[in-house]
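J.: Okay, these came from TrEMBL:
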type	residues	note
DOMAIN	32-176	domain 'Glutamyl-tRNA reductase N-terminal'
ACT_SITE	CYS74	active site, nucleophile
SITE	HIS119	site 'Important for activity'
DOMAIN	193-320	domain 'Quinate/shikimate 5-dehydrogenase/glutamyl-tRNA reductase'
BINDING	GLY209, THR210, GLY211, LYS212, PHE213, GLY214	NADP(+) binding site
Amino acid sequence: MTFRGLHKNKFAHFMIIEEPVHQFLDNFCVAGINYRKSDISIRGKFSLLPEHSILLLEQAVQKKFPACMVLSTCNRTEIYGICDHPHQLIEMLCIHTHGNMKDFIEHGYQYKGLTTVEHLFKVAAGLDSQIIGDYEILSQIKLAASQAKKKNCLNSFMERVINYALQSSKEIKTTTKLSSGTVSVSFAAIEIIKERIADTHNKKILLVGTGKFGNHIGKNLKSYLSGSILLFTNRTDQKAFDLATECGGNFVPYANLAPAAADADVIIVSSASEKYTILSSYFTGSKARLILDLSVPQNVDPSVKDIEGITLLNVDEISVILDKTISLRQAEVPKAMEIINKTMLDLCTWYRKQAINPLLRMVKTQLYEISEVHLTNQAFEEKIHKAVSSLAIQLHQQNNKGCQCITALSSYLHMN
């Protein structure tokens with residue numbers, strides 16, 4: 001919004017230009033792919049490895065985006081950014097993944113403005129998760145924000161929006177039952193193991209991939225399947241060794257993955273690789289094995305499930321199994337949405353204040369500059385203060401763009 005003085009002769013230089021922050025909300029965009037419209041094969045095409053996320057953020061800096069954040073999980077790949085149109089984000093997503101524009105148009109989504117804010121709030125609350133109420137997403141959002149900040153891609157506006165989203169999510173977690181029962185894919189894996197294997201005592205459970213997600217799984221294994229023989233492996237041996245030590249398990253060098261997989265009763269795969277980590281050639285005989293592939297793209301060769309004795313489940317199939325938990329949580333969604341709406345209102349109030357404060361300062365400055373009364377006139381200063389205070393109240397109470405500066409000028413004209 002730009003306002004130029006109504007009285008061109010006397011007030012030609014009276015001009016108020018909105019600060020850039022005023023455009024941030026309108027230009028807050030997201031482009032993404034998630035489980036709702038795409039299966040695991042499509043999500044795999046659009047998945048971003050950590051190094052590719054970094055490259056995307058660096059490109060956003062080159063394009064001079066005020067802010068950008070990449071959220072990549074097994075259920076979604078989303079790019080949040082402040083830009084003219086979500087298409088700019090879609091183009092970057094296609095450049096840094098194996099996805100293309102045609103697939104995105106068919107399976108993806110894009111939002112702008114307050115709709116983007118509401119979407120992020122729902123994601124943070126677990127309302128948009130494949131397993132509703134999955135609060136593992138909180139740590140993933142924090143990681144995404146931290147990564148963006150390190151690359152100078154997180155401005156004060158987006159950081160504030162993220163903080164409000166996390167605040168809303170925490171309130172939902174503590175005041176509703178949205179998190180009752182199984183709360184994450186990592187814990188769901190434990191539930192499935194206990195359901196499919198009657199006696200897990202002394203069963204060999206191999207965890208492949210010990211990154212942040214694998215770390216959650218490892219700790220759940222320690223807590224709920226402590227009688228099992230826990231084995232940990234990772235492409236970076238030191239990470240696997242550290243987690244094995246922390247969880248009281250056994251470290252398996254990555255070079256020994258094939259024989260370890262062949263010997264295991266249960267294999268949980270949470271690696272982040274563009275190639276299959278577990279191959280059908282690793283297995284011989286008809287030994288009963290349960291393999292849970294929690295990676296996107298899939299890191300277990302799908303042909304493995306054709307081997308006698310092997311049960312292979314991916315994240316989509318695991319979510320179907322847990323539908324009974326999801327149905328119990330649906331009743332809590334209206335309560336969660338009330339909290340989200342309340343927090344969004346708080347955010348909008350904060351945002352409006354950020355928009356108003358620079359404008360008020362400029363009005364006050366311009367009133368002093370165009371005044372023919374000496375600044376030492378105490379009565380005049382009091383009138384300016386009164387006029388600006390009145391303007392502040394009106395700006396808070398209404399969003400009528402046309403009247404904002406007219407009111408200030410009107411107050412000034414009645415001073416003399």
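Here the Cβ of each residue, glycine as well, is placed from N, Cα and C on the backbone.
Predicted automatically and left uncurated, TrEMBL annotations should be read as such.
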J.: For GLY214 (NADP(+) binding site), what residues in its own chain, 6 or more apart in sequence, show a Cβ-Cβ distance under 8 Å?
T.: LEU207, VAL208, ASN234, LEU243, SER270, SER271
J.: LYS212 (NADP(+) binding site) to the residue listed as 'active site, nucleophile': how many Å between their Cα atoms?
T.: 12
J.: Between the residue listed as 'active site, nucleophile' and PHE213 (NADP(+) binding site), find the distance joining the two CA atoms and give it rounded to the nearest Å.
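T.: Roughly 10 Å, rounded to the nearest whole number.
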J.: Could you check which of the binding-site residues (GLY209, THR210, PHE213) sits closest to HIS119 (site 'Important for activity'), going Cα to Cα?
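T.: Closest by Cα distance to HIS119 (site 'Important for activity') among the binding-site residues GLY209, THR210, PHE213: PHE213.
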J.: Applying a 10 Å Cβ distance cut-off over all chains shown, what neighbour count does HIS119 (site 'Important for activity') have?
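T.: Total other Cβ atoms inside 10 Å, all chains included: 19.
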J.: May I ask you to report the DSSP-based helix, strand or coil state of PHE213 (NADP(+) binding site)?
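T.: The residue in question, PHE213 (NADP(+) binding site), is helix (DSSP, three-state).
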J.: Residues with Cβ closer than 8 Å to the Cβ of PHE213 (NADP(+) binding site), same chain and 6+ apart in sequence?
T.: CYS74, GLU136, SER186, SER270, LEU294
J.: State which of the following binding-site residues has the fewest other Cβ atoms within 10 Å around its Cβ: GLY209, GLY211.
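T.: Fewest other Cβ atoms within 10 Å, among the binding-site residues GLY209, GLY211, is found for GLY211.
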J.: What residues, ordered by sequence, lie under 8 A Cβ-to-Cβ from THR210 (NADP(+) binding site) and sit at least six positions away in the same chain?
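T.: For THR210 (NADP(+) binding site), the qualifying residues are GLY218, PHE232, THR233, ASN234, LYS239, ALA240, ASP242, LEU243, SER270.
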J.: Looking only at the domain 'Glutamyl-tRNA reductase N-terminal' (32-176), what is the model's average confidence as pLDDT?
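T.: Taking every residue of the domain 'Glutamyl-tRNA reductase N-terminal' (32-176) together, the mean pLDDT is 94.
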J.: Of the residues in the domain 'Quinate/shikimate 5-dehydrogenase/glutamyl-tRNA reductase' (193-320), how many are helix, strand and coil by DSSP?
T.: 52 helix, 28 strand, 48 coil
J.: Go ahead and report the DSSP secondary structure tallies for the domain 'Glutamyl-tRNA reductase N-terminal' (32-176): helix first, then strand, then coil.
T.: 83 helix, 19 strand, 43 coil
J.: Rank the recorded positions CYS74, LYS212 by the number of other Cβ atoms within 10 Å of each Cβ, and give the residue at the low end.
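T.: So among CYS74, LYS212, the recorded positions given, the one with the fewest Cβ atoms within 10 Å is LYS212.
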J.: Beyond GLY209, THR210, GLY211, LYS212, PHE213, GLY214, what residues of that chain have CB atoms within 8 A of the centre of the NADP(+) site's CB atoms?
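T.: Checked against the 8 Å cutoff, the neighbours are ASN215, HIS216, ILE217, ASN234, LYS239, SER270, SER271, ALA272.
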